[in-house]
Structures are given as C-alpha cells and as structure tokens.
Amino acid sequence: MSINDKALSDVERIKAESQGLRGTLRESLHNPVTGALAEDDVQVIKFHGIYQQDYRDLRAERHQQKLEPLYQFMARLRLPGGVLSGAQWLALGDIARTYGNASLRITSRQSIQFHGLLKPHLRPVLQALDRALLDTVSACGDVNRNVIASSAPQISAFHAEAYGWAQKIAEHLLPQSHAYHEIWLGGQQITAPEEDLLYGSTYLPRKFKIAIAVPPHNDVDVLTQDLGFIAIHEEGRLAGFNVCVGGGLGRSHNKPDTYSRLADVCGFCAPGQVLAIAEAVLITQRDHGDRSNRSHARLKYTVDRMGLDRFMEEVQQRTGFSLAPPRPFHFETSGDRFGWLENDDGTACLTLFIPGGRVADGDIPLLSGLDALARLHHGEIRLTCNQNLLIAGISPAERPVVETVLAEYGLNRLLNLAPVRAHAMACVALPTCPLAMAEAERYLPVFLDRIEALLAEVGLEGEALTVRMTGCPNGCARPYLAEIGLVGKAPGLYDLYLGGDRTGMRLNALYREALDEEALLDALRPLLKRFAGQRWAGETFGDFVRRQDLLPPDPGLPHTGRR
C-alpha cells in the first residue's frame, strides 16, 4: 500500500472541493450573523494568506456572556526576500492603524503580519495592499510559502543576487488560481475550470519553505527549510548554490514519531538550474508526501520514508540533470549585526532591534519613528529572519538626518542592548494564535529580565546566549536551534531544550519537561555556573553543554537531524 492509499485527511477533501481555492468565501464574507467563516472556508482562506483566529484573552468572558468568540483575522504578506520601499512601509502602517491593532508584526520569515482584523475589513485591507503593489497570495496554506534570503551580507551585490533569486523562485512556484483577484480585488469571475499544472487541484500535502543563505551569515537558518540554497561565491562572483533538502522543525508533544530534522546538503547546482530544482523538489513532495496524516505531511518525513538517495534520484529524473558534489562553505553566525554597517558601494545600512518583532507605539514610539524614517529615506527597508529591521542604502549625506530621527523618537535605544536580549526571539502565541499552549511574545521580555540577572549572578554578564521561545511545539521562532529553547506545554509551563549552536548548524535536545519560571531558572543556574568556571576560551554555552555531555541520550527517533 502506498502512503496515499490510506484515507485522506479532511483538509484534502476541502482543497479538492474548493473550486480552485474559492470555496464559499464570497458567501462567508457576506454573512452578517457571525464574525467567523464557514468551517471549510477557514482552511481555504489560508491559501489567500489569512488565518481565522479569536482573541483568547476574552474567550472565557464571552462564553460566560453566551457570545461567540471574538473572531479576528491575521493577514500575512507575501514578501520574497523581505524587501519594502519606504512608500510601502507607510502604507502598511496606515492599514494597521485603520483596520488592525495599530501594530505590524515582523515574522521569522521576513514578512509582516496584521493582527486584529475583523471580517468586514478583510477586503479593504487586501485592496489597500494591492494599491501598494503588495499581496498575501500563498503566504499561508499547503503551497510554497514566503521565500526568504539573507538580509545583510557585507557585499551589496551578493544581497542583490540572493534577493533576486528569492523573487524568481517565489514567482515560479506561485499558484495559478485567479481566486484571490476575483474575491478580494473585484476581478472577473472565471467559470471555466482552471488547471494548475504545478500544484494540481489539491496543492501540496503541507506547507513548503525555501531559503537562500549567503555565507558566512546564516540568518535564514537554511538547514531548517524544506529546500535550502547556500550561495557559493568564488573569485568575487556567484558560482552557484549548494542544495539542501529535508529540513523542518515542527513536532507534536507526546508524539515521538514527530521530530525536528536538519536538511541534508545534497549537491551543488549552477544558478541557471535553481528554478528546475525548486520545481522538481516541490513536485516530488506533491506526489509522494503523506496526505492522510498532516502530522507526517512535511517534506522531512517524505525524505526519511523514501530515503534521501531515492528521493534525490526522482528529483534528478525530473530535472534531467544531476547535482555536482557540494562545495565548501562556512557559517559564522545566525544572528543580526545591529547598528551601522558600511556597504561596499559607499552607502551604509542600519539594523534596528525590534522587541518581539512588534512594531507599535509604546514606551518607544517605534511605528511613528519608522514612519518618519521611511518618509525621508528613499532606499530599501529590509526585514530580517530574526524579526528585526534594516534600513539599507543610506548615503553619507542622509546619515546625520537619520541619526537625528533616531534620537528624536528614542530609536537609538534599540542599538545598544544586552546580547542575550538582542538575539532572543519569540513567536506571537497568546492571545491570538489558536495553537498556543503558553505565552511567548508577551512573556519573553519578563523571562529575559530573569536570565540577565542570572547571568550577572554567575559572572556571565554580557554573554551572548541565544534564547528562543514558542507557545507550542510547531517551532515558528526556531527554538530547536537555540542554546536555550523554551517550548510551551501548558499555561506557564515550558519544555527546556539545550545545546544548539550560534550558526544554525546543530539541533538542541530536550533537557527537562514542563517547567515553570522558577524551575527553569533552577535548572539553568548550575549549568551556567559550571559554564562560567569550566568553559574553554571562546566556547559558547551550546558547545559547552555538548562537550560536557550534559544532555540526556538521544531518544532513538528515526532521524532527528545532525546533532
């Protein structure tokens, strides 16, 4: 029996019956009785870049009042490479203030999310995005997601190449349905059947993620992707890419047959072969991925079930060529470099830390300050995969003006932070994510206060630990790569993972389960004390934990990636 001779999941039925991702969205959007969509349409709208959520802080209160949940929607941009113009940034701020919760959320995949949207506002939001030459097509759903690329290599031409390939891949793998334009933008309704030669009528078994890394920076965490391309530069030019297949971090609590996996580096391709490889890997996953069990539907499980050699044989049969042996590469960091950096073209770029990736006006008027910068600067605004923001192409004449705006709005406070805070990351979690089991974005600053105090207590003040926190085990903030990873298990309780590195090349491992804040600190204190007294020169905490063999034995999963 093949993997897909089993009974298909209900999501497969919904996709097959959706009439090219249309479903009954028109009817759902016009239904005034509820703030929600019809049940099947909740799945269909994901392919349009939108998730239905509810405001969970009010769920119990509204239930007591016999009201339906406060349904809201999250819309996510399709933004290959994470690049915006100043005018586009200003448009996003206007949309957030008019229709959302007056904030923009930078994601770990170089995109922007709007939270707090109500059903009647969805069409005006997407039309406003269209006027800004932006959209949300395929930002969610069982398709190729936002293609990410290294945001700030020191050589400007290398960034331009990586960004260019992110755009090309994104366009090449875009679904062909006209449903988005019909439903949201008033496009002509198509009654004849549509054929999508790439995706078919049921699209992919699950989401599909692609990244382009430019060594020595691995800000995209390229080995966590379904498909990764590592740029290889030789003699000052782009020679091609190492191809990485089968990464993915999401897992489920208490399901040991779900696991994190780092991608295998399978070979090297020339630039002109990139699109063919991307298409072939996607189609092979389309045809062989598990459509009966969505917990096993990602590419990493397909690769492990088929075997890497057989999987790549099929990919190469589809492309008509074989990959060359992989070429040497080296990553030095996966974090962002904050402050001013000089580019090779005479301009400068400025990287700002964005607390929790949340751009809003609070103690620091961040949204207003960035709007002011966008009005005066005509270069690019780049989003990083660490949920931060980079202003690129600042001329020597502009720099004093930019520094004046930084001081006026207090944004210069985002340039000099404790390293453990600057390199931390959290997913959104509560109160909007329906999957969250615990806090993340709202709790991380509190936990970092305690971690900073603990580091000072043991003589490690200023240590650049990587701390990542998620509200559930799906891994959106990539906690399974961190030196200290916290994964929500229940309200106030987290599984503690230790032993990742600072380059995105090694998974961490489970150390303790279901710990509250005090138990987390009690677990970390003796380890950090030991690290302070016994570390080698230049050794990181993650490397120390591994060298000292402080982690439990591997649980013996089929394949949990390179350790």
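Yeah, the Cβs are placed from backbone N, Cα and C, and that goes for glycine too.
The [4Fe-4S] cluster binding site feature in Swiss-Prot is assigned to C427, C433, C472, C476. According to Swiss-Prot, the feature siroheme binding site maps to C476.
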Taking the Cβ of C433 ([4Fe-4S] cluster binding site) as the reference point, list residues of the same chain whose Cβ is under 8 angstroms away and which are at least six residues distant in sequence.
Q53, C427, G471, C472
Within 10 Å of the Cβ of C476 ([4Fe-4S] cluster binding site), how many other Cβ atoms can you find? Include all protein chains, please.
22
Inside 8 A of the center formed by the CB atoms of C427, C433, C472, C476, which other residues of the chain have their CB, for the recorded [4Fe-4S] cluster site?
V428, A429, L435, A436, A440, T470, G471, N474, A477
Given the binding-site residues C427, C472, which one's Cβ is surrounded by the fewest other Cβ atoms within 10 Å?
C472
